[in-house]
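J.: Okay, here's the structure, questions in a sec.
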């Protein structure tokens, strides 16, 4: 029950990020090593996590199981649906610490930070 206790005994030797499960550490270590042991059997593209292959396979099958309840647009993965739903809700969870401007996606905040590049 480490999820509920907050215990994170598995630590990355490279960046010191810690995890509650050994499997999550193993997957994380691949971000440093570049190892991609999972392969798409259709196009040979390689991935660091098996779940990424599962999501990727939907590009070949056309499967889009995640549907917006407001506009009925569908998506191949749940995280893209989550981002899309912010269009309807107006939620902007990412805030610039310098000017307090808010964004619906982390990538938009990261791009915005270039505005402040000389002032940091």
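Even glycines carry a Cβ here, placed using N, Cα and C.
From TrEMBL, for reference:
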type	residues	note
DOMAIN	10-37	domain 'C2H2-type'
DOMAIN	38-65	domain 'C2H2-type'
DOMAIN	66-93	domain 'C2H2-type'
DOMAIN	94-120	domain 'C2H2-type'
J.: Taking DSSP states H, G and I as helix and E and B as strand, how many residues of the domain 'C2H2-type' (38-65) are helix, strand and coil?
T.: 12 helix, 4 strand, 12 coil
J.: Tally the residues of the domain 'C2H2-type' (94-120) by DSSP class, grouping H, G and I as helix, E and B as strand, and everything else as coil.
T.: 11 helix, 4 strand, 12 coil
J.: Over the domain 'C2H2-type' (38-65), work out the mean pLDDT and round it to an integer.
T.: 96
J.: Can you count helix, strand and coil residues in the domain 'C2H2-type' (66-93) using DSSP?
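T.: Computed counts for the domain 'C2H2-type' (66-93) are 12 helix, 4 strand, 12 coil.
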